[in-house]
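Reading through the C-alpha cells given below for one structure.
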Amino acid sequence: RCPVPLPVPHITLLCAGRWQKRWVSSESRPDLGTFRLTAGTFYGDPVRDRGLQTSENSKFYAISSRFKPFSNKGKTLVIQYTVKHEQKIDCGGGYVKIFSSDLDQKNLSGASPYYIMFGESVGASPSLQHCCCCCAAPEGRYKTCDLFVGPDICGSETKKVHVILNYKNKPHPIKKPIRCKVNRFQSILFSFFKTQVDGYTHLYTLIIRPDQTYEVKIDNKVAALGNLEDDLDFLPPRKINDPAVEKPRDWDDRVQIDDPNDTKPEDWDEPEYIMDTSDEKPEDWDHAVHGEWTYPMVKNPLYKGAWKPRQIDNPKYRGVWPHPQIDNPHYSPDYSIYSYENIGVIGLDIWQVRAGTIFDNFLITDDEDYAEEFGDETWGETKDPEKDMSIRQAEEQQQRQRVSEEEYFEQWLKKKHKEERESREDQTVKSPVEKGEF
C-alpha cells in the first residue's frame, strides 16, 4: 500500500509499483525461494490485494525492507500486517521479524539477530527449537534476536501465533497460547484428524506500550493481552521460596496411600519367563560349538507383573504445603524491556513446505487508532469480497466436478450397454436356435 502522507508517524512497506526496489532478497544461500507480487487466485480487489507470495514448495525464504531507523523508547510500537495462506498451509511460517538497522540484508538468514518476531506459524512442535527450523536457522536452534511475532503452522499439532522478544541477547517467547485463525467447521468436524487454516486473509497486530503492557489482535479483535514482565520470562521472579523454612515433618501431602487392608493373593507370584518344554533339541546340535542345549525361555502367560496394593484416599492429607515466600534478592525491575534502539528493517525469514502464502499491508506505527483504521481500510474493505469470490470459485469447481462425473458415468454406462449387447449377439451366433425349439 502507498497511502498519502499522514499526520502520525508510520511506515508502510509494500508499494506495488516499486516493491522490488524497496525489498531486498537475501543471497545467504543459493537455493532460497523467490517471492512474486500477486493477489492470488481469489481476492477482494485484484490490485489492492496484491502482496508478496511464496512461489516454490519446500524452500527457505528470506527478504527484507529497510526504513529510517527509530527508537520506540517512550512510545507505543505497533507492528501490523496481513497474511493469506491461499494454499491452506500445513507446515510453515507466516510471521515477520523486526531487525536493527545494522542488518546485512544480502545475508539475511535464520542466524541473523533480530529484535521481534511476530505472527502465525504451523509447526509440528511448539518448542523453540522446532520453531527455529521454520525461521530458517540451519542449525535448528534460536539465534540471538530481539523480536519474533506471527503465526506458526506445521501439521495438526501446532497452529499458533508467536510473540518472541529479545532481551539481553536471548529470545523470550510469550507463555500464553495464541491460536491462528482456522476453519471453524473443519476444526470441529475433524478435531481428531487435522485442522486446516481457512485460506482467507487475516490481519495480525502486535502492540507494545511504554507501560510494558502488550496486546495481540487478530482481525482487529483482541486475541491476547497482558504485561511483558508477567507473560515473558525476562526477569527473575519477584518472589522466591524462603530457603530458611522447611516443610514440617508431619505434613502429609500424599493424596492417596496404599490400602493397609489389601493383601497380595497367594497365587500372584509367577516368573515372567518359563522354559518351553515342548521344544526339542535339534538333531544337528553340536555341543562343542554351541555348548549344552537347554530349553528356550518363553513368556509366562500366568505372569501378572509386580503386585501393588490398591490406592485409597489419604485420611491425613493436608494439601500442598504453602512454602513461605520472600523477596528475591536477585530481582531488579527493568522498565525498559519494551524499548529497542535503531529499529530499521522488517523481514520475512521463513520455511514453507507448500508455497502460496501472501504477505501484505505491512505497517509500523506508534498510533494504535491509526493502525486499526488502516486495517479497516485495507483488509476490512476487501475481506468480504475475497470470501465471496472464494466461495463462488468453490461452487463453480464443484459444478465442474459434478458435470465431469456425470459425463464419465454416462460414457461408462454407454460402454457397459454396448458390451452387454455385443455379448448377447455373440452368444446368438454361437448357439443358433432350431425352429422346433421356438
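Cβ atoms here come from the backbone N, Cα and C positions, even for glycine.
TrEMBL entries are annotated by machine, without manual review.
Small disclaimer: the values here were computed from a predicted structure and weren't measured.
Some features that TrEMBL has for this protein:
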- C91-C154: disulfide bond (DISULFID)
- Y95, K97, Y114, D152, D349: alpha-D-glucoside binding site (BINDING)
- 239-266: compositional bias 'Basic and acidic residues' (COMPBIAS)
- 239-271: region 'Disordered' (REGION)
- 376-438: region 'Disordered' (REGION)
- 380-405: compositional bias 'Basic and acidic residues' (COMPBIAS)
- 419-438: compositional bias 'Basic and acidic residues' (COMPBIAS)
Within-chain partners of the compositional bias 'Basic and acidic residues' (239-266) [C-beta distance under 8 Å, separation at least 6 from its ends]: 307-314, 316-321, 323-328
C91 (disulfide bond) and Y114 (alpha-D-glucoside binding site), distance between Cα atoms, whole Å: 23
Euclidean distance between Cα atoms of C91 (disulfide bond) and D349 (alpha-D-glucoside binding site), Å: 14
Number of helical, extended and coil residues in the compositional bias 'Basic and acidic residues' (380-405), per DSSP: 26 helix, 0 strand, 0 coil
Composition by DSSP (helix, strand, coil) of residues within the region 'Disordered' (239-271): 0 helix, 6 strand, 27 coil
Cβ packing number for K97 (alpha-D-glucoside binding site), 10 Å threshold: 33
Length of the line joining the Cα atoms of K97 (alpha-D-glucoside binding site) and C91 (disulfide bond), in Å: 19
All-chain count of other Cβ atoms within 10 Å of Y114 (alpha-D-glucoside binding site): 28
Recorded positions: C91, D349 - member with fewest neighbouring CB atoms within 10 Å: C91
Within the region 'Disordered' (376-438), residues counted as helix, strand or coil by DSSP: 54 helix, 0 strand, 9 coil
Around the Cβ of Y95 (alpha-D-glucoside binding site), the count of other Cβ atoms that are within 10 Å: 30
